[in-house]
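Novice: Structure below; questions to follow.
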Amino acid sequence: EFRQRDPSPSFRWVKDGKQFGEVLSESGTLTPHPTMDLHFYQGTYRCYAANELGTAVSNLVHLTTEPVPSLAKVKKQKRRAYEVGESAVLRCNPPKSSVTPKIHWMDMQFHHIPLNERVTISRDGNLYFANLIANDSRDDYTCNAHYINASIILPKEPMSIYVTPSNSVVKNRRAKLHHPAGARSSYLVLRGQTLTLQCIPEGLPTPEVHWDRIDSALSPNRTKKLYNNRWLQIDNVLESDDGEYVCTARNSENSVKHHYTVTVEAAPYWTRSPEEHLYAPGETVRLDCKADGIPAPNITWSINGVPVSGTDVDPRRRVSSGKLILSNVEFSDTAVYQCEAVNKHGSILINTHVHVVELPAQILTPDERLYQATAGQTVMLDCRTFGSPLPKIHWEILDSIPALSNAKISQTTNGSLKISNVSEEDSNRYTCSVSETNKSISADVEVLNRTKIVGPPQNLHVIRGSDAILHCKYTVDHNLKSPTVQWNKDGHKITASTSNDKYHEIEGSLKVLDVQMEDMGIYSCEVSTTLDSDTASGYITVQDKPDPPQSLKLSEKMERSVTISWMPSVENNSPVTEYVIEMNEGETPDEGQWQKYRSVSQDIDSWRSICSYSKYHFQIRAVNSIGTSAPTESSLSYSTPAAKPDTNPENVMTLSTDPKSMIISWQEMDRRQFNGPGFQYKVFWRRAADSGAHWTESSVSNPPLMVNNTGTFVSFEIKVQAVNDLGAAPEPLTVIGYSGEDFPLEAPSALSVTELQKTSVMVRWSPVRPESVRGHLLGYKIYLRMKGSQWETPGRAVSSSGNPTVIEVPADAAEKIVSDLQFYSDYTLTITAFNSKGEGPHSEESFSTPEGAPGPVLFLPFDSPSESEITLRWEAPHKPNGEIRGYLLQYQEVVIGSESPQHVESIDLPAVTEFTLKNLNPESRYTFHLSARNDAGDGAPAIQSGATLLDGEPPSVINMTAGETSVNLSWVPGDRHRNLGFSFRYLKKIEGAEWEESEKINSTQAFYQLQGLDSGVIYHLQVLSGNTSYDWDFKTIYSPEWHKSPRNFATEGWFIGLISALVLLLLVLLLLCYIKKSKGGKYSVKDKEEGQGDAANQKLKDDAFGEYRSLESDMEKCSISQPSGCESKRSSNDSLADYGDSVDIQFNEDGSFIGQYSGRRDPRGHDSSGAVSPVNPNMPPPSHSFPTSVTGILGPN
């Protein structure tokens, strides 16, 4: 068949080198004549197609004719008898044909005979039995030959096999080969064909077949194993398949081999074919034609079907190394040139058209084409031309620089410009021009950044059932569109989406859900743009706990040992670290409790400590870093015979509590140590003093055993033996035990107490006689009880009924140091001996401890009556450790960078708890050290620091925030200043207005609100305190509603006065009730002092705190609406009144208190001026910048 040419060609056929038939004009198809014998047409054909431009020639066609295959008449085969295990061959021998038929072995119902390792078919159609079984007996083995080209199936005569039982003693048969015969065979195969090697064995048991290649490894990609490994097939054979192959057939009896020598040759095939072009007169034409084959083919040339001889008369033509060279071509050289390659396996022919013509040059590639590429790629700039002679083109960069001057740039034979490994500097305009013409085109090259994966997927180890996330981070040139990210697993595309149950793709990352073993593999991320792509991959290794161990076996079964073995587990990508042997001693594996017996690292273990008369069930688990496997699918059981006990019970002892009996006890033996039925404990005992006496014995099933009438604390020899129905254990060890103990009869004598230090004494005694202990002497107990402190008054003495301190000492001790006693206290001490029954009589002794230095005093908040005075207050030490004789006060001025002189004041009155220091520097702080004194010396000092308070002053800087009918006034109180009373005066700046004045205000209050002002009016404000005054102006906010609405009666003066009177009356009634309720009450501090102080000290404290109560009563009589009166009353009292309001002030860890003076009150004080009143009813919330009430500045500094 030829490509159609213009003008239309004529066709003629040549058969076996001679003209065959007439010349055909319309079609080259050759049709046989129906009356002619087909055998007449058998031969080798070649077709010639010719027109004005030349003659083309076809490849050789070989036509073979043959009659339709048919079966010859044959005699019916006799039924053949075989023994079980013998081999057999049923031969097909189909009619011969040029095309091998396909063979089907079937029965009479057209069911295929099953093929397996034992029953195999060969390429020649024979049916082979490696060994026969009884089921192979049948009468309808039929070979059906299917001729596909003839479309017929020829069934041969059925064959019969009868299989009888074997009488042979030998049960197995050695392996050998049915087909092929011998030890070696050779095969010749052509390149591109299919090679099939057969290895059909016989033997019992059925042999296994294994294929190998001698000279190299057998490639799994190039070979296929068919018919249960009996055929080895290689499709599309290559020269590399040439070599030696071997088949090994093996069963339990032996192995047999067959070697195959495969030789690969090849019919001719093209490696280079000539190209068709248009040529101009005078050009040189080179037609290059190369072919390969085994053996190497011979190449010849023809022109229009006429061979070119080696001595061509035309000197312009010559053949060299398969090339046909035409020099200085003319129009008459237009023709079809044939190149033909021939070897013994066939021939191939190719036609090449040479057209000599003159045509003007043209550029076929469009102008202004843009080429985009990424760095590192190769760019091909097209410049396709047409013309004869062939146009000569050249390239320039920016219309001036020759392109070929760049080492990276080359020009192909078709005129294209090749730029290799492009970079950013290659981004330019390139011009292609045709020489000796004005024709040219331009092309632009734009080089972009490469697409690059900067964060490739990582290799992950994932536990089965969890999720895995593979990240793929990349960079792309901003001039390119968003890339596509494609994930692949083992080279196959993954379709990921948010709706996919397995794969989710999130911003380029791949999430694999619920990872299973089949998800393990190589995952690659491919980032693609319109210009380039990049690929990176990572591996997901799925880990899981191991599979259960397999093939659990018990071997070497002995009376007391057994060997356990098993097949190792599948590790599931995490190495097995150990195997756990579990044991169950129930009657069945479902009964009892599975327990861990031991862990081992290998897959075998010997257990050599099995108990007799026991049943064991075993199972194995494998352990890796992920977890523990399920147990082996089935457990194994092992029972041991009964035997005498091997051991006796341990820890035999006496646990007697009754003086006239003995309890013998021991540690019960494990049931597995019984070793047989009828297990009991046999207990023996006799007095230790009568070592030759007869043993008394008793048998019991479990401990303990009680022996009566033994006497008090008598020693016995005791032993316990294990017995069962098969006998007794070895002779047990004898131990010494005792009957029950009784209380000791005597107390330790010669008890004495000697003072070592002021708070420790040495206690000595004489030990009790051993016979009086009536048991094992466990030691002595010293009971220490404090009767009271000598410095306490009789009414406040500590009771001695509390629990005493108990000190135990060992039995061999005769003295003991008792420490940590209290100073100046009375003690009672007793001592007794004790055994396991209890304590004996006590010996008693009394003693006292001397005085010691007092404990520290407790500083209370102190006051500053003036700028140069401080009054200190304190409580007496909680532990005086003697009689307090007075106090030592030391103080000094705090001077930074230097040491100031220290002042000392000795206070010789023990009942005094306050002291006033005068003539202090108001500008300095002081440190105070106060110690209590008794006859033993001075106690540890309490340390406090502080400074005096300065005189108060009214605020000079006020922050004002005006509203419609009020103004908020706030200020910052001075540091260390006393509270000072003052008031605000304010005046409307209108004609005829009069001054108004607020109530009295505390300087420490920090906030006040003037109410009842007119809207939109300017006011003048003054602060008055003594002869001091400060002035300000402010304006309230204008409110149209306030000016429009009539004055409500609630704002009238008479109504406000009425309401104020009612509120005042109610408050007076409440205060009277409170005063009546608290009348005669005592201050809690006084109650505390009454419980600890003496009568002389009590009188002074009652007088002092009486003043405090007077102040409190006076304050209660003050109205909340009259703070100025309260302030006046308070300031007229002495300094102790300020102390009364400061009892809640706290102390720091170093002893200094936080709110130091009454001028800085605790928020719970009683004299706050910020209480709601008819004049000042709405207090604003606290501010972080300024205190908003009097309580805001009374707290800690």
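Backbone N, Cα and C atoms are what each Cβ position is placed from, and that goes for glycine too.
Predicted, not measured: the structure shown is a model, and the values here were computed from it.
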Novice: Regarding the disulphide bond with Cys472, report which of Cys383, Cys525 Swiss-Prot records as its partner.
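Specialist: So the cysteine paired with Cys472 in Swiss-Prot is Cys525.
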Novice: From the list Cys199, Cys339, which cysteine is recorded by Swiss-Prot as disulfide-linked to Cys247?
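Specialist: As annotated by Swiss-Prot, the paired cysteine is Cys199.
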Novice: Using Swiss-Prot as the reference, determine which range in 863-883, 1115-1135 is annotated region 'Disordered'.
Specialist: 1115-1135
Novice: Can you sort out which of Cys339, Cys432 is the disulfide partner Swiss-Prot gives for Cys383?
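Specialist: In Swiss-Prot, Cys383 forms its recorded disulfide with Cys432.
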Novice: Out of 58-83, 630-655, 656-681, 786-811, which range is noted as region 'Disordered' by Swiss-Prot?
Specialist: 630-655
Novice: Could you check Swiss-Prot and say which of Asn572, Asn708 is marked as N-linked glycosylation site?
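Specialist: Of Asn572, Asn708, Swiss-Prot lists Asn708 as: N-linked glycosylation site.
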Novice: Which bits of the chain, at least 6 residues beyond where the compositional bias 'Polar residues' (630-640) starts or stops, bring a Cβ under 8 A of a Cβ in it?
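Specialist: Same-chain residues near the compositional bias 'Polar residues' (630-640) but 6 or more away: 548-550, 552-554, 557, 559-560, 562, 564, 566, 582, 584, 589, 594, 610-621.
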Novice: Can you give me the average pLDDT across the topological domain 'Cytoplasmic' (1076-1197), rounded to a whole number?
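Specialist: A mean pLDDT of 37 is what the predicted model shows over the topological domain 'Cytoplasmic' (1076-1197).
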Novice: Expressed to the nearest Å, what is the distance separating Asn298 (N-linked glycosylation site) and Asn414 (N-linked glycosylation site) at their Cα atoms?
Specialist: 31
Novice: In sequence order, what residues of the same chain, 6+ apart, have a Cβ less than 8 Å from the Cβ of Asn449 (N-linked glycosylation site)?
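Specialist: In sequence order, Thr374, Ala375, Thr475, Val476, Asp477 meet the Cβ cut-off.
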Novice: Return only the integer: C-alpha distance in Å from Asn221 (N-linked glycosylation site) to Asn421 (N-linked glycosylation site).
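Specialist: So the alpha carbons of Asn221 (N-linked glycosylation site) and Asn421 (N-linked glycosylation site) sit roughly 35 Å from each other.
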Novice: Of the glycosylation sites Asn414, Asn438, Asn968, Asn1027, which one has its Cα closest to the Cα of Asn135 (N-linked glycosylation site)?
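Specialist: Of all the candidates listed, Asn414 is nearest in space.
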Novice: In DSSP terms, helix, strand or coil for Asn708 (N-linked glycosylation site)?
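Specialist: Reduced to three states, the DSSP call for Asn708 (N-linked glycosylation site) is strand.
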Novice: Measuring Cα to Cα, tell me the gap between Asn414 (N-linked glycosylation site) and Asn438 (N-linked glycosylation site) in whole angstrom.
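Specialist: Distance (Cα to Cα, whole Å): 19 Å.
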Novice: Let me know the most crowded of the glycosylation sites, choosing from Asn221, Asn438, Asn968 and counting other Cβ atoms within 10 Å.
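Specialist: Neighbour-count leader: Asn968.
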Novice: Using Cβ atoms only, which residues of the same chain lie under 8 Å from Asn1027 (N-linked glycosylation site) while being at least 6 residues apart in sequence?
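Specialist: For Asn1027 (N-linked glycosylation site), no residue qualifies.
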